[in-house]
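First comes the structure, then the notes that go with it.
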Amino acid sequence: MVKETPLHSSSSTSLSSLFRPTKLKNLSAKIFNGGGNQSYSKTDDVSRSSSRSSKKNTDSDQEDQIKYNKPNDRRSTIGKSPQGNGALSKESHVVASSTLTGISPTSAKKAPIDYSPSRPLPNNHNPVRTGHTVPHLPHSIHNPINYIHQGSKDAFHHPHPVRSTAHSNISTVSSAKSDTPSSNLSYQAHMHPVEILQKQIEDKHFMDSQASTPGSVELQHNSSSGSDDTSSRKKKSLRLTRFFKKIHNDYHDNHHHHHHHNRGSTPTKPKLNLNTNENIVESNGKALYETDNPVELLEKYGIPGRKLGEGASGSVSVVERTDGKLFACKMFRKPHLNNEGTNQSQLANYSKKVTTEFCIGSTLHHENIVETLDMLTEGDTYLLVMEYAPYDFFNLVMSNLMTQDEVNCYFKQLCHGVNYLHSMGLAHRDLKLDNCVVTKDGILKLIDFGSAVVFQYPYEDTIVKSHGIVGSDPYLAPELLKQTSYDPRVADVWSIAIIFYCMVLKRFPWKAPKKSFNSFRLFTEEPEDEDDIVRGPNKILRLLPRHSRTIIGRMLALEPKQRVLMNDVVKDDWLVSVPSCEVDPTSGDLVEKPKNHKHHLVTEEELNELTKQHGNKDSN
């Protein structure tokens, strides 16, 4: 296990203090103030992909015990629906530099976009539907990298003529050369934008810490070896099951799903204790957190509302600002410390995981991916603030109200969201029903990037393999259980096909992709002839709509090298012909509402009522 310099945060601070010597307010890490004279620069190298530094899983006799990197964590990153329908501010976003001072979203202006890419990645000519653009990051003496995303064109731009000579899996900050880690360093010329922001945060943590030990401090990048062990799930059937702890008494118990709020009363200011693992819940259902200084969170985002759900790494609540706008706020759970000797290492890994998730989320801007807006810190506790969408996709599937046209619309949106993600050199690795939410306009959004990894770097053709079993059993690609390394792109493709199967049939095809399960074993066997529906792919495909079978069959190819990639999935003739809902990337308004379907949006309480009514009919 590599080491990381421990964090020594003040008791009440916001992550923007990473870039500001004065009292911390918050990190609006992505807002660029084009009207000011502020100098912006990316700072240092970052950790390479987790798939390069992760410990390989060599325990072949433990194949049947499936490990999770984030077990049961459906809502551990973003609103365990209901999420919210507050429109995002449409200011441009960039990654903050170490010289960034406080910039509010309301005062931000759009920055110019560089349209002169020298060489795109091979997979950047995909038909990507974008919701936002990431403006040009100005050059500086510390910033040889220029990152842009411009629609379906070039996700990465690298004008610097010098290729990086250091191609390490783990970033190294030398404290022997200088008192500060960023004063005399060579910067990687081929880093992913996610890693650039990650390194800025790490450098500030390094400087804020009082550690003066000479030598190098090595940082592990997003371990994917499944350290959060959970025993294999044993289900009685293939019925769809959540993989997180759902808070059944959700936000809608006290709020109408059209969000008509009572403005007449002033809510009591809650006490926030962000350094405790347990939340205090009063009789009114509000989830309260105690802290000595809750003003920052309350002033910017409002009072935390009812807890929506929780997973292995934290819990998510909805917050309502004074103007009525809603946000999803995730509080990451501080790890239990075993002993004094391991405290620093555990805290370092914890902060690394949280900031990595923030860095990935804040890099992505697309209509089918939830927006990551801000990160706040209180001591050793982190709060991640995200766009809020009101409807839980798992609930929508389980409502049994979806028409096939509605299913196809959601599937197309999901494919475009993942295609965009892959075009940015990132793989999700935990795609499932639980990690999708839906807006009031029927726009599906991907959430939870805690397991995401970089598989391709700017200006490079190499695909970086991933390691470790990450995800939930039924959605896993079979190679994860057999190989020590795998291509995370095609693992995502497999998971999307399983999601489509679940949407259509309301059940899983198998408990896990292992031949010890009869359903999967029959799927892998050679059919006796082309009409054999017991063995081979037809066992699954015959149950799906006819026009979808060709592309789903290619997505479920057992051999990873034969599996179709997302840029080809979105070009499939059937998928292209599917009418789907789209929003305007500037205004956020719905620009296309297909006439062949409408979206049946139900809340948790409405689903419970439908289930109760269905149960009464069955009993009669």
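Cβ coordinates are placed from backbone N, Cα and C, and glycine is handled just like the others.
Remember, it's a predicted structure, so these values are computed and weren't measured experimentally.
Annotated in Swiss-Prot:
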{"type": "REGION", "residues": "1-20", "note": "region 'Disordered'"}
{"type": "COMPBIAS", "residues": "7-18", "note": "compositional bias 'Low complexity'"}
{"type": "REGION", "residues": "29-130", "note": "region 'Disordered'"}
{"type": "COMPBIAS", "residues": "56-76", "note": "compositional bias 'Basic and acidic residues'"}
{"type": "MOD_RES", "residues": "Ser60", "note": "phosphoserine"}
{"type": "COMPBIAS", "residues": "95-107", "note": "compositional bias 'Polar residues'"}
{"type": "REGION", "residues": "153-186", "note": "region 'Disordered'"}
{"type": "COMPBIAS", "residues": "165-186", "note": "compositional bias 'Polar residues'"}
{"type": "COMPBIAS", "residues": "210-222", "note": "compositional bias 'Polar residues'"}
{"type": "REGION", "residues": "210-237", "note": "region 'Disordered'"}
{"type": "MOD_RES", "residues": "Ser216", "note": "phosphoserine"}
{"type": "REGION", "residues": "252-271", "note": "region 'Disordered'"}
{"type": "DOMAIN", "residues": "302-575", "note": "domain 'Protein kinase'"}
{"type": "BINDING", "residues": "Leu308, Gly309, Glu310, Gly311, Ala312, Ser313, Gly314, Ser315, Val316, Lys330", "note": "ATP binding site"}
{"type": "ACT_SITE", "residues": "Asp430", "note": "active site, proton acceptor"}
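Shown here: features listed in Swiss-Prot, placed on the structure.
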residue : record                       : Cβ neighbours (10 Å)
Leu308  : ATP binding site             : 28
Glu310  : ATP binding site             : 24
Gly314  : ATP binding site             : 22
Val316  : ATP binding site             : 30
Asp430  : active site, proton acceptor : 30
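Cα of Gly314 (ATP binding site) to Cα of the residue listed as 'active site, proton acceptor': a span of 17 Å.
Taking the Cα atom of each, Leu308 (ATP binding site) and Asp430 (active site, proton acceptor) are about 20 angstrom apart. Mean pLDDT across the domain 'Protein kinase' (302-575) comes to 91 in this model. Spacing of Glu310 (ATP binding site) relative to Asp430 (active site, proton acceptor) is 16 Å (Cα to Cα, whole number). Distance noted between the C-alpha atoms of Asp430 (active site, proton acceptor) and Val316 (ATP binding site) is 18 Å.
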